[in-house]
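Colleague: Annotated active site per TrEMBL: His190, in sequence order. According to TrEMBL, the ATP binding site annotation covers Asp194, Gly195, Asn196, Gly197, Arg198, Leu199, Ser200, Arg201. According to TrEMBL, the feature domain 'Fido' maps to 106-259.
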Amino acid sequence: MLFNAPDLNADDSAVLEEINRLRLDLRHNLAPTHRWFGTLARQHRARAVRGSNSIEGIDVSEEKALAIEADEEELTTVDDVWLAVKGYSDAMTYARVLGGDPGRTLDMSTLLSLHFMVQGHDLSKSPGEFRKRDVYVEEEDTGRIVYEGPDADAVPDLVAELLHDLDGTSAGVPPLVVAAMAHLNLVMIHPFRDGNGRLSRILQSAILYRERVAEAEFVSVEEYLGRNTLAYYDVLAQVGGGRWQPHRSAHAWIEFMLTAHYRQATTVQRRVEIMNHVAARADDLLERHGLPERSLPALESTLSGWRLTNARYREDAGVTATTASRDLRALCRAGILERQGQKRGSWYIPTEEHRSWLARLQSSLREKYDSSVDPYAVLRRAGHLPPAGQASIGG
C-alpha cells in the first residue's frame with residue numbers, strides 16, 4: 001500500500017486552475033525563439049540544482065552551480081561537493097531526456113541508475129542499491145528519531161508498486177499532483193542509505209517531463225524547496241507521522257506542493273519580464289557603442305545579475321580565447337562591464353550604473369510578481385484568487 005492522492009477540494013482546484021493559467025502564460029513567453037531563452041534555462045537549472053542539494057547540506061553558490069551545470073570545470077574546484085552536485089545535475093538532465101521520449105518507461109533499472117548518478121561519488125553509500133537495513137531519520141541538532149521507514153525487506157516491493165502505478169493510467173489526476181505524490185511516496189519509502197530526498201525531487205521533475213508539462217524545466221520546485229527547507233521538512237513530518245503510515249492523508253502535502261508551484265511560476269514570470277528588459281538594454285548598449293552582435297548572449301547573462309568569465313563568453317559567443325579577451329576589453333572600455341579579480345581567476349560584472357538599473361528593475365517587479373503570496377490564504381479570505389500579480393499576501 002502507498003500514499004494515495006487525496007480528492008481535491010474547491011480551494012485546491014482554484015489554485016490548480018491559476019497555476020495552469022500561469023503555465024500557459026509562461027508557455028507563450030518562454031518560446032525558444034527568444035534570444036535569451038537558453039540563458040534563462042541555464043540559470044534556472046543552476047538554481048534548481050543548488051536548491052535541491054542545499055536541502056541536504058551540500059552548499060554551493062549559484063555561480064558554482066552554473067559552472068557545474070555548464071561543465072566548466074576550469075571555473076571551480078573539483079571536490080566532493082562538485083562531484084555530488086555534478087551527479088545530481090547529470091541525473092536531472094537524464095530525467096529530462098527520458099521524459100521527452102514517449103517510448104521509454106521509468107522502470108526499476110532506470111530508477112537505480114538515477115540513484116547511482118546522484119550518489120556515485122561516494123561508493124560507501126551503496127549507490128544504485130536498495131538499503132539492506134531498517135532506516136531511521138534523525139533530527140540533526142538533537143539526534144531525535146523523527147521518521148522510521150518501512151522494513152528493508154519491504155522496500156523492493158514498495159518501489160515496484162510505485163513504479164507500476166506511475167506506469168499506469170492517471171486519468172483525472174492532474175500531472176502536478178501525480179508528480180507530487182511520486183515524490184512523497186519515494187521519500188517516505190526511503191529505499192536507499194542516502195540520496196533519498198534528492199532522488200525523490202528528481203522523480204517529481206521526471207514525471208512532469210513525462211506528462212508533457214511543456215514548461216516543466218521552469219516550474220519544477222527544487223529552487224523553492226531549497227529556500228523553504230524547514231517548511232518542506234515540517235509538512236513531510238506532518239504527513240508521515242513519524243513512521244511509514246501510507247493510510248494517512250496526503251492533503252497537506254498537496255496543498256504545500258501546489259503553493260510551491262504557484263510561487264515558483266510567479267517567480268519565473270518575474271524573471272521573464274526582467275530578461276525582456278535586459279535584452280532591450282543589451283541591444284541599445286551594443287548599438288550605441290558599436291559592439292559586435294556576438295556579445296549579446298553573454299551581456300544578457302551578466303546584465304541579469306550573473307558573473308561573466310572569459311570561458312563563459314567563449315561558450316556563448318563561439319569565439320577563441322583571444323577574441324573573447326578583446327571583446328571583454330571593449331565592453332569594459334565602453335563602461336558596460338568592469339573586471340574583478342586577477343589573471344585566470346578574473347571575472348566581469350556590470351558597472352555600478354547598470355547594477356543600479358537592475359536593482360531598481362528587480363525591486364519594482366517584486367511588487368508586481370509577489371512570490372510570497374499564499375494562494376490558499378487569499379482564497380480563504382477573499383473567496384477568489386486574482387491573477388498572479390494582483391493578489392495580496394494572505395495571513
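The backbone N, Cα and C atoms fix where each Cβ goes, and this holds for glycine too.
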Colleague: Indicate whether Ser200 (ATP binding site) is helix, strand or coil by DSSP.
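Modeller: For Ser200 (ATP binding site) - judged by DSSP and reduced to three states - the answer is helix.
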Colleague: Near Arg198 (ATP binding site), how many other Cβ atoms are within 10 Å of its Cβ?
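Modeller: There are 27 such Cβ atoms around Arg198 (ATP binding site).
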Colleague: Which of the binding-site residues listed here (Asn196, Gly197, Ser200, Arg201) have a Cα atom within 10 Å of the Cα of His190 (active site)?
Modeller: Asn196, Gly197, Ser200
Colleague: Compile a sequence-ordered list of residues in the same chain as Leu199 (ATP binding site), six or more apart from it, whose Cβ lies below 8 A from its Cβ; state 'none' when nothing qualifies.
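Modeller: When sequence neighbours closer than 6 are ignored, Leu199 (ATP binding site) has Ala91, Leu111, Leu114, His115, Val118, Leu186, Phe192 within Cβ distance under 8 Å.
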Colleague: Might you list, by sequence position, any residue in that chain lying six or more from Ser200 (ATP binding site) with a Cβ less than 8 Å away from its Cβ?
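Modeller: Result: Ala182, His183, Leu184, Leu186, Val187.
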Colleague: Taking His190, Arg201 as the recorded positions to compare, which has the smallest set of other Cβ atoms within 10 Å?
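Modeller: Candidates: the recorded positions His190, Arg201. Fewest Cβ atoms within 10 Å: His190.
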Colleague: Which chain neighbours of the ATP site, leaving out Asp194, Gly195, Asn196, Gly197, Arg198, Leu199, Ser200, Arg201, have a Cβ atom within 8 Å of the mean position of the site's Cβ atoms?
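Modeller: Other same-chain residues near the ATP site: Glu56, His115, Val118, Leu186, Val187, Phe192, Ile202.
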Colleague: Just jot down the residues in the same chain as Asn196 (ATP binding site), at least 6 apart in sequence, with C-beta under 8 A of its C-beta; none if empty.
Modeller: Leu186, Val187, His190
Colleague: Whose Cβ, among the binding-site residues Asp194, Gly195, Gly197, has more other Cβ atoms within 10 Å than any of the rest?
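Modeller: Compared across Asp194, Gly195, Gly197, the most Cβ atoms within 10 Å surround Gly195.
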